[in-house]
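Asker: The structure's right below; bear with me while I get my questions together.
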């Protein structure tokens, strides 16, 4: 299993969050069927996810820089 920042496949951006530490929104995103993670929390204003399957991409996605040129 791996861990990392959840990333939007369409934009390459991290999932933002503002409530640091235990975060219901991040935990929900992390455990969503398309992510398949075990536990999510808010770290440095982005959702960090643990126990992800190898197939789930994490930030950064090569070639996608989240709106930066």
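Sequential numbering from 1, following the chain as shown.
Here the Cβ of each residue, glycine as well, is placed from N, Cα and C on the backbone.
Quantities reported herein were computed from a predicted structural model and do not represent experimental measurements.
Residues or ranges marked as disulfide bond in Swiss-Prot: 13-66, 17-42, 26-47, 30-49. Per Swiss-Prot, domain 'LCN-type CS-alpha/beta' is recorded for 2-67, and the stated evidence type is sequence analysis. Annotated cysteine amide per Swiss-Prot: 66, in sequence order.
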Asker: Mind checking which of 17, 26, 30, 47 has the fewest other CB atoms within 10 A of its CB? They're the disulfide-bonded residues.
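Answerer: Result for the disulfide-bonded residues 17, 26, 30, 47: minimum number of other Cβ atoms within 10 Å at 17.
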Asker: Reported as an integer number of Å, what is the Cα distance between residue 49 (disulfide bond) and residue 17 (disulfide bond)?
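Answerer: One finds 13 Å between the Cα atoms of these residues.
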Asker: Taking only the disulfide-bonded residues 13, 26, 30, 66, which one has a CA atom nearest to the CA atom of residue 42 (disulfide bond)?
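Answerer: Nearest in space to residue 42 (disulfide bond), counting only the disulfide-bonded residues, is 26.
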Asker: Fewest neighbouring Cβ atoms within 10 Å: which of the disulfide-bonded residues 13, 42, 49, 66?
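Answerer: Minimum Cβ neighbour count within 10 Å, taken over the disulfide-bonded residues 13, 42, 49, 66, occurs at 66.
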Asker: If you measure residue 17 (disulfide bond) to residue 26 (disulfide bond) at Cα, how many Å is it?
Answerer: 7
Asker: State the three-class DSSP label for residue 30 (disulfide bond), counting H, G and I as helix, E and B as strand, and everything else as coil.
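Answerer: In three-state terms, residue 30 (disulfide bond) counts as helix.
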